[in-house]
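J.: Take this structure first; my questions come after.
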Amino acid sequence: MAGGAAFSDAKPTPILKDELDIVIPTIRNLDFLEMWRPYFEPYHLIIVQDGDPSRTVRVPDGFDYELFNRNDINRILGPKASCISFKDSACRCFGYLVSKKKYIFTIDDDCFVAKDPSGKEINALEQHIKNLLNPSTPLFFNTLYDPYREGADFVRGYPFSLREGVPTAVSHGLWLNIPDYDAPTQLAKPLERNTRFVDAVLTIPKGTLFPMCGMNLAFNRQLIGPAMYFGLMGDGQPIGRYDDMWAGWCMKVICDHLGYGVKTGLPYIWHSKASNPFVNLKKEYNGIFWQEELIPFFQSAVLTKECTTVQKCYLELSKQVKAKLGKIDPYFLKLADAMVTWVEAWDELNGSGENSLKLTNDPEK
């Protein structure tokens, strides 16, 4: 009996426990982790502290984490630290650089555990993992959405030759409560809240762009990591709040070229805090105009057959950014250079032998 009781009390090993890092950008104490403890505690956290590096960020006891502030970023990357944004959540991509895991889940510190319509808590991380471990179907749309989910399949007329799908590179989750609106929409609809829970996962079709949000996002770092650069935003830059969308546009063009898939829909998180629309408008002002030229650029971007790796694709894209977007504003010349620096830093930190980076878990840094 005693043996049976002990066996029944044993907790199952979390999925991908040793293959996934959780990356969190922050400027504040991470009390929000208490709500996520049942889901996050078994995993390793990479916390990227933005802003004043002398400020102490408190992390609740019991979590396995590494914390990097701006001093650490400068120490580890040296001159290449210029490609990592400051005073902007785009700094999170430093965590992607230094991770050694196959998968990344990144979440904002104002995102809490949501509940489905039945009142059950949603394990967002578990759903992201399901999305990533199952194929995507970008080449032909399935009207029952994700055919690999329990209770679904390919509908009549779906080509059998395409039913194996393609590897999933990115899982893009959504949010209940505060929607991810731009500043003009925030100002027009200050009281609007998202209460619609749509129980669906969709593959975004090949050739279709989307506005990627970084607050509830997971990806296969091994497949697409070098494309997940969140650009130059925030302090000293003429634009903000376009970091995740820039990464999403670059990533989607590269996924389409290399034959990878991107999913959106479940899981939901509860987005608790609306940011100031007037502050947002200052950050977004240039982007609102520039995006009308950025979108056609990405829609028409073509990568050559020589672009056989994510790095080669990204460097080719950086050349096109410089050649075609540089005329919009000098910022894009600087951004194109930063894209190259990012790839160099990625290769340096993710190489082998003497180039491999040895990091220690030092919460007091």
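Glycine residues also receive a Cβ, built from the backbone N, Cα and C atoms like all the rest.
According to TrEMBL:
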type: CARBOHYD; residues: Arg156; note: N-linked glycosylation site
type: SITE; residues: Arg156; note: site 'Required for activity'
type: SITE; residues: Arg163; note: site 'Required for activity'
J.: In this structure, which of the recorded positions Arg156, Arg163 has the fewest other Cβ atoms within 10 Å of its Cβ?
T.: Arg156
J.: Cα-Cα, whole number of Å: Arg163 (site 'Required for activity') versus Arg156 (N-linked glycosylation site)?
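T.: That separation, Cα to Cα, works out to 12 Å.
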